[in-house]
Amino acid sequence: MKVTILFICSCLAWEGLGKPQFPDQEKDPLFWNTWAQRTLKNALILQKLNQNTAKNLILFLGDGMGIPTVTAARILKGQLSRQSGEETQLEMDKFPFVALSKTYNTNAQVADSAGTATAYLCGVKANEGTVGVSAAAVRSQCNTTQGNEVTSILRWAKEAGKSVGIVTTTRVNHATPSAAYAHCVDRDWYSDGEMPAEAVQAGCKDIARQLFENIPNIDVIMGGGRKYMFPKNQSDVEYPGEKKHFGTRIDRRNLVEEWNNRMKNKNAYYVWNKKELLSLNPNSVDYLLGLFEPGDLPYDLERNNETDPSLTEMVEVAIKILKKNPSGFYLLVEGGRIDHGHHEGKAKQALHEAVEMDRAIGHAGLMTSIYDTMTVVTADHSHMFNFGGYTPRGNTIFGLAPMLSDVDQKPFTAILYGNGPGFKVVNGLRENSSVIENITWSLAQSAVPLSMETHGGEDVAVFAKGPMAHLLHGVHEQNYIPHVMAYAACIGQNRDHCMSSSGASSLSAALPSLTALLTLIRLFC
């Protein structure tokens with residue numbers, strides 16, 4: 001009864017405000033016509049394409065950030081600023097070029113984060129559960145690794161003399177970042193402690209070990225995953241009494257200590273908390289290893305602002321270090337916990353993660369230039385997440401739909417998952433959603449009961465700006481992305497166009513000097 005009264009009151013309040021609620025200026029056709037004409041003029045400017053060579057490359061990867069998540073995050077961003085939300089612009093919304101990416105794995109219609117990471121980092125589609133290997137490799141079969149390794153754009157950039165970095169809110173040896181440096185037939189082989197003995201004996205390497213051995217001297221590494229770097233049962237520096245955070249390495253290696261020893265005379269720093277990170281002078285740092293949690297970093301909503309850096313703070317430090325290289329840089333940034341929030345049916349956590357990644361995108365934009373920096377924002381896959389129910393303008397994104405079900409006469413949340421842990425039955429009937437529950441948001445409702453919600457199979461968006469961003473248009477296979485980025489930066493296999501364009505640009509740069517020289521000759525000869 002209490003739930004019904006709360007629901008009716010909320011509906012009456014909405015009715016009393018008049019529907020829909022929106023700014024008076026939107027009633028005037030001139031408002032919409034002016035806005036459209038302004039957008040048209042901006043679009044016409046884009047006809048002059050940016051064909052510069054990209055000195056810098058940045059890839060922002062929102063793990064699980066499907067198009068419904070982008071839309072809901074946009075609304076949330078606006079509502080956090082006391083706006084209705086729908087008209088808000090995300091930073092990625094401002095990018096001039098947008099494409100769709102087909103996310104399927106070679107053996108999966110609905111993809112996982114490992115096979116997709118191999119696609120958008122290595123340029124090759126792969127099997128689910130594998131990183132940095134082709135589809136000829138079989139998940140968990142160690143003997144299918146050798147000979148099937150594929151290299152990533154991070155390696156191509158490093159070999160071209162650029163600085164390279166990885167920033168993530170997950171473990172640094174999680175699926176997305178690991179495809180940048182590892183070749184592993186099982187994404188779950190975080191350390192040798194998670195590997196079957198026969199795989200270790202056969203010579204396969206765990207992912208944490210490969211982080212330090214495969215690509216020497218990755219300039220910036222930041223994220224979680226500390227426990228996978230330390231000997232088994234070694235206590236954690238931050239949580240010394242909690243066994244679940246103890247080291248996991250059976251080989252007894254201390255990978256952090258090894259890194260410190262190897263980088264001793266190279267202006268290299270290892271940090272494990274926000275205070276240490278922000279106390280660094282990036283001008284004096286050439287190499288940085290930051291491991292801020294034993295596992296994944298906490299959700300941004302649950303983050304300790306005193307001890308844990310935000311994604312934006314990590315990105316700022318990374319760019320300050322990497323941009324010192326006159327040859328430029330490649331930076332992979334993952335908003336990895338968007339995915340985790342969705343899996344747990346915690347839409348509030350997932351959307352706040354997306355908003356924080358968008359904040360990092362905006363900050364990176366302020367620190368770089370579209371004239372020499374190509375920035376791409378995309379997702380690896382989507383989720384069974386959506387929102388609807390004819391909600392009115394300005395409806396809180398975490399609110400109820402403005403109606404009762406015409407089947408069981410109960411309210412329902414605007415946000416719904418197709419499956420997941422939010423399915424609840426009380427006395428044989430669907431659970432009654434209350435306004436109070438919506439505000440606290442433990443779990444969003446789901447149609448099918450699962451302990452963990454699943455990925456979605458639809459295409460995801462690709463947003464691009466900077467040199468050669470116009471090459472990301474239409475609908476593409478996901479593995480096309482690193483080929484475009486490499487082409488823009490003249491790294492990897494597409495370099496023929498660089499010779500001609502660099503020659504032309506060198507000539508044009510020299511013309512003013514030649515003109516000045518000829519003028520002087522005329523004056524004095």
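Glycine is no exception: its Cβ is also placed from the backbone N, Cα and C atoms.
What TrEMBL lists as signal peptide is 1-18.
Residues annotated as Zn(2+) binding site in TrEMBL: Asp63, Asp339, His343, Asp380, His381, His455. Residues near Asp339 (Zn(2+) binding site) in space but far in sequence (CB under 8 A, at least 6 apart, same chain), listed by position: Asp63, Gly64, Ser113, Ala350, His383.
For His174 (Mg(2+) binding site), other Cβ atoms within 10 Å of its Cβ number 28. The Mg(2+) binding site feature in TrEMBL is assigned to Asp63, His174, Thr176, Glu334.
The active site, phosphoserine intermediate annotation in TrEMBL covers Ser113.
Between His381 (Zn(2+) binding site) and Glu334 (Mg(2+) binding site), the C-alpha separation comes to 13 Å.
Restricting the binding-site residues His343, Asp380, His455 to those with a CA within 10 Å of the CA of Thr176 (Mg(2+) binding site) leaves Asp380, listed by sequence position. Within 10 Å of the Cβ of His381 (Zn(2+) binding site) there are 27 other Cβ atoms, across all protein chains. Take the Cα of Glu334 (Mg(2+) binding site) and measure to each of the binding-site residues His343, Asp380, His455: the nearest one is Asp380. When Cα-Cα distances from His174 (Mg(2+) binding site) are compared across the binding-site residues His343, Asp380, His455, the shortest belongs to Asp380. Apart from Asp63, Asp339, His343, Asp380, His381, His455, the residues listed for Zn(2+), the same chain places the Cβ atoms of Gly64, Asp112, Ser113, Ile338, His342, Ala379, Ser382, His383 within 8 Å of the centroid of those Cβ atoms. Within 10 Å of the Cβ of His455 (Zn(2+) binding site) there are 23 other Cβ atoms, across all protein chains.
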